[in-house]
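Engineer: First the structure, which I've put down as structure tokens, then a few questions once you've had a look.
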2 protein chains.
Amino acid sequence: MDKQTRMAHAIRFLSMDAVEKANSGHPGLPMGAADVATVLFTKFMRFDPTSPKWADRDRFVMSGGHGSMLLYSLLHLLGYEDMSIEDLANFRQLGAKTAGHPEFGHAAGIETTTGPLGQGIANAVGMAITERLLSAKFGDDLVNHRTYVMAGDGCLMEGISQEAIALAGHLKLNKLVLLWDDNNITIDGNVSVSDSTDQHARFKASNWNTISVDGHDQAAIAEAIEEAQKSDKPTMIDCKTVIGFGSPNKAGTNKVHGAPLGADEIAATREALGWDCAPFELPADIRDAWRIAGLNAAQAHKEWQKRLEAADSEVRAEFERRMRGDLPSGFEDAMAAYKKSLAEEPKNVATRKASEMALNVITEAVPETIGGSADLTGSNNTKTPSTESVTPDDFSGRYMNWGIREHCMASAMNGMALHGGVIPYSGTFLVFADYMRGAMRLSALMEQRVIYVLTHDSIGLGEDGPTHQPVETLASLRAIPNMQVFRPADAMETAECWELAIKSDKNPSSLALTRQGLTPYRTEYSEENLCGRGAYVLSDCDGDADVSIFASGSEVEIAMAAQAALAEQDILARVVSVPCFELFEAQSEEYKKDILGEAKVKVGIEAALRMGWDRFIGSDGIFVGMDSFGASGPYKELYEKFGITSDNVVAKVVERLK
Amino acid sequence: MDKQTRMAHAIRFLSMDAVEKANSGHPGLPMGAADVATVLFTKFMRFDPTSPKWADRDRFVMSGGHGSMLLYSLLHLLGYEDMSIEDLANFRQLGAKTAGHPEFGHAAGIETTTGPLGQGIANAVGMAITERLLSAKFGDDLVNHRTYVMAGDGCLMEGISQEAIALAGHLKLNKLVLLWDDNNITIDGNVSVSDSTDQHARFKASNWNTISVDGHDQAAIAEAIEEAQKSDKPTMIDCKTVIGFGSPNKAGTNKVHGAPLGADEIAATREALGWDCAPFELPADIRDAWRIAGLNAAQAHKEWQKRLEAADSEVRAEFERRMRGDLPSGFEDAMAAYKKSLAEEPKNVATRKASEMALNVITEAVPETIGGSADLTGSNNTKTPSTESVTPDDFSGRYMNWGIREHCMASAMNGMALHGGVIPYSGTFLVFADYMRGAMRLSALMEQRVIYVLTHDSIGLGEDGPTHQPVETLASLRAIPNMQVFRPADAMETAECWELAIKSDKNPSSLALTRQGLTPYRTEYSEENLCGRGAYVLSDCDGDADVSIFASGSEVEIAMAAQAALAEQDILARVVSVPCFELFEAQSEEYKKDILGEAKVKVGIEAALRMGWDRFIGSDGIFVGMDSFGASGPYKELYEKFGITSDNVVAKVVERLK
């Protein structure tokens, strides 16, 4: 048996033994795709196991994250220090780096968290886009790498894959290669149970190059990858594999997909493949061959390092700053100047417009910001004079026309943030967060700085009606751990929230913004970013408050009007603006207690559901908001219809105080 | 000008005048697609304006819901009583039938709510599937109709469209026709800004027939539809149209997509098209021609009625029962017998297994139930002996292998429920509700009986880790108005929750079910469905409770153990099981007050986030659950790690009582 085949067997046995030991996991994919992975990592991939974060490394994304043992085996074999044999033996145990699915941040070499199918393809598209963007800016000497994604039938069936494939083909991302692990098996049986798609025709329809290859013929695989590297289009390589390759009784069936093989079948597989090492042991020549492959792959890093050192010092400094994720020195001053100008000339604008105003400043001051929209540019107000559109033939722009593809947009932004060197932000309507929630959750799980611009944030959008009016969306986003949800009340708060989002390098942010114009209340310049407190007293009363009114976004206006109306009845109310629940929770207990206050009556106002507001107003507090879907009509009439008015607030408070 | 063209102009002017009067809306699509719609509705569609719910009518789905005025104009012109000229003039006003986007239930003839792009295509696939299912059961005499869906570039870019297209092609749904309004314009500009897909090749790759046609040549359109009707595959007709057709200065541009034309341009369009009627007025001959088309279309209903009357009386009765949505008479008895058997022999099983046991009974007793899974059949436990798989060549089965296509699955289930005659249920993992949330929201907005079987409902799934472990998903589903979220605690509760879901003909239901086995606590037969209360006292204490413990699903075990442990310290605790927040809210104030109780300490336990639980425990209550994403590891270790244990409950209660 040739050495390359035995190198693939090493992956197979590490994977099946780890799954067996964990008594849980997916051996089929790593066993089936081991030859493809061996060829890719020993002959093509450029990376450095001793410097896993090397900026210009090739990216490899394991889109079928259930095949995690393939990736862990590779990292171990190639000499990543972060992945010992003990780590492999500890597969799927609490606290292990080797989680059931690859988790970004658990070990070097895991480029992204995968498991929810299809995400990896869109992540890879985002990475490949970023490579083009940075290369356009910094030149091929510093940025010139490839992105490989391994995907299975599940990934290709998910709708997000179509969005990603169509976009990649449109943008001619020719340094992107998708390795389709074409094993013809899904959990429910043969692919033919649910699908008859001609995948080659499908990819070609979206301007891809496609190649078919026997996924166990390593020479043929190498030829295919070489051909892919010469293409002027992205390439899909159809690797025809046998799931669970090597298992005499289970290979080629769904039995080997997601369950341990069992001791007997593993013994039979050892016999069949002529493998006489104990679990987690490897033949010395094979171990050496893999280490040498890792060393060879790292040669490219040395050459790149020379080019980096030869680069213009300013260019180098700027490149390194961006890759570290540090903000440029001028950012804070630019924001301060902008906020001063807002204080001098307060504007009555919709917060989506205020967001555009803030973005005008940010995109100028922070050149790594990359904007975009899912075909709602004029509605999301996401484009600025600094952000020309990226086109298939010119990546010097900084604005992505994502098309009507929210899920791909979000997932590709994850890939962009993971790649590093850029800060992605993009827009759609708030209600369509539902279309990309699978990816938003992963932004949060991976702690990536991805910024969602979500306009048309309530019934305030008016006539488009309940399909377009979020009522539950704010609560559903606030429910996602690590996700910062901002709902600013005026132009100044919008500037502050944007500033916080840009600075938050461990959280994604969602900015919920209005379509309708809002009165400015923050008309003084403040050194401190008050939104950074999550909630703060916007308008206090003279003496102990009878009523505390908490509100966010467009409903702060109603709170302010209610405060004034209550004052006429000698009822003292204070108004607390609540732009961000999550940042409020991060404050000191003392601060939180002070903000929650001790008023007899507490009121929450938000043109959305109550869920989550009890934190501020208690379960016996008065909530003025929505308790159903919205309706189609002019927005002022909708506010009346649903009782979200200062009159209603006043009436309820007076009733309660009786 | 020929009459057919003038009939199309009637749609154009009604649409542009209504948008103008509303000063809001989308004239471009109705103006562009008017010829296609005119041909379809005057020459092909079979429906009855005087009997809009006729079971065997052809279905028409307006997937690009922003073109709602096309549909409203058609309904008015064809003589639907529910759509007067005043209704058209009232477009987008509060309380109007003519909402900004078509809202199911607002007026007869609106087959589904659209607006969120792509949904209509998957709805139509669900309708076409249902037609095949019912035809296989009741024969072509009773069920033999077509489904037409009009979709634009936005619909085709959304990932859900690929899932739907692939499935429809796989299933050879040859009575499905997709009319692509190929106007080459999206909001951000020409389609070429974001897409280069060869749509014909894409559809063909999924086993569709495709035809190209000038979308303003009515004879050619008619030929194309005729050809489509003869196909043994679903057909996509590429109708090349000019958006805003007729507008001299705005046609063919994105300016006419989503904004009123303005008085001047409307005048110019009247001039250009030779139309001299005032807004909302029509030439008498054109009005007559449309009414006659409506009468002609209704002929088919008369013929069908004869066939119905000639049918076997039992067959007819069964068909009519199903189409009414009434449950079969044996359902309640079957459930009662099953629950009695459970009381006699309580089972320690996972609730996903308990769900399968309930489904065994339900699918036998309720033959209109149609099951399915997004390729997780063995994990979701959704298949029963009564439900053979549907295949492309045999629709006599009752089980859908949806493939790895959650979004299409949910949206197609909406189409199935809307079609009527079936009760769809299908499964995936709870966390992947995120992938289909766009469609789940529409199940709720349209008040459709669609049942989501969502297994692996917490960290209790163990090793698959945080990508697969919902923590925020329960809260995010509970946030959706009208959505009933069930989380049963044992086999008996699971049976009750299923019974409620099947009976709820105005709500979708989500059943959150465990992977891990659970102790049965409901071991007595109860005539009353206790889960129907939403929350109820599962285990009371002897005397006034010091502590009320509220829990759902798998955490009820922990509550019961805590109750016992507290009793040893002479602390009296009662345990309230909370299988459904929404049904609890629907109870009387008295009942709710009683359940909430007056214990000094209130505890909530759920292996998920706190959001929503303050309703039961107050904002100062003790919550034992998650406040972050989960982790990969054996599930018992995870419960320990995150402190979701009876020991922790006891410790917190004792601390609080000090």
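The backbone N, Cα and C atoms fix where each Cβ goes, glycine too.
A quick note: this is a predicted structure, and the numbers were derived from the prediction, not measured.
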Engineer: So TrEMBL lists A:GLY115, A:PRO116, A:LEU117, A:GLY154, A:ASN183, A:HIS257, A:PHE432 for thiamine diphosphate; which of A:HIS9, A:HIS66 goes with them?
Structural biologist: A:HIS66
Engineer: Quick check: of A:ASP153, A:ASP214, A:ASP217, which does TrEMBL put in the same Mg(2+) site as A:ASN183, A:ILE185?
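Structural biologist: So the Mg(2+) site in TrEMBL includes A:ASN183, A:ILE185 plus, from the candidates A:ASP153, A:ASP214, A:ASP217, A:ASP153.
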Engineer: Over the domain 'Transketolase-like pyrimidine-binding' (A:349-521), what is the model's mean pLDDT?
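Structural biologist: Mean model confidence (pLDDT) across the domain 'Transketolase-like pyrimidine-binding' (A:349-521) is 98.
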Engineer: Filter the binding-site residues A:LEU117, A:GLY154, A:ILE185, A:PHE432 down to the ones with a Cβ under 8 Å from chain B's Cβ atoms, keeping sequence order.
Structural biologist: A:LEU117, A:GLY154, A:PHE432
Engineer: If you measure A:PRO116 (thiamine diphosphate binding site) to A:ARG352 (substrate binding site) at Cα, how many Å is it?
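Structural biologist: With distance taken Cα to Cα, A:ARG352 (substrate binding site) is 32 Å from A:PRO116 (thiamine diphosphate binding site).
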Engineer: Out of A:HIS66, A:LEU117, A:ILE185, the binding-site residues in the record, which is closest to A:HIS456 (substrate binding site) when you go by Cα distance?
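Structural biologist: Checking each of A:HIS66, A:LEU117, A:ILE185 against A:HIS456 (substrate binding site), the shortest Cα distance is to A:LEU117.
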Engineer: Quick one: give me the count of other CB atoms within 10 A of the CB of A:SER379 (substrate binding site).
Structural biologist: 19
Engineer: Can you tell me which of the binding-site residues A:LEU117, A:GLY154, A:PHE432 is spatially closest to A:ARG515 (substrate binding site)? Compare CA atoms only.
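Structural biologist: The smallest Cα gap between A:ARG515 (substrate binding site) and any of the binding-site residues is with A:PHE432.
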Engineer: How many whole Å apart are the CA atoms of A:HIS26 (substrate binding site) and A:GLY115 (thiamine diphosphate binding site)?
Structural biologist: 12
Engineer: Pop the Cα-Cα gap between A:HIS257 (substrate binding site) and A:GLY154 (thiamine diphosphate binding site) into the table, whole Å please.
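Structural biologist: A:GLY154 (thiamine diphosphate binding site) to A:HIS257 (substrate binding site), Cα-Cα distance: 12 Å.
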Engineer: How far is it from A:ILE185 (Mg(2+) binding site) to A:HIS66 (thiamine diphosphate binding site), counting Cα to Cα, in Å?
Structural biologist: 14
Engineer: Per DSSP, A:ILE185 (Mg(2+) binding site) is which: helix, strand or coil?
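Structural biologist: It is in a strand.
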Engineer: Find the one among the binding-site residues A:HIS66, A:GLY115, A:ASN183 whose C-alpha lies closest to that of A:SER379 (substrate binding site).
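Structural biologist: That would be A:GLY115, nearest by Cα distance.
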Engineer: Give me the Cα-Cα distance between A:LEU117 (thiamine diphosphate binding site) and A:ASP153 (Mg(2+) binding site), rounded to a whole Å.
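Structural biologist: Spelling it out, the Cα of A:LEU117 (thiamine diphosphate binding site) and the Cα of A:ASP153 (Mg(2+) binding site) are 9 Å apart.
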Engineer: Which whole-number value in Å describes the distance between the Cα atoms of A:ARG352 (substrate binding site) and A:GLY115 (thiamine diphosphate binding site)?
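Structural biologist: So the Cα of A:GLY115 (thiamine diphosphate binding site) lies 34 Å away from that of A:ARG352 (substrate binding site).
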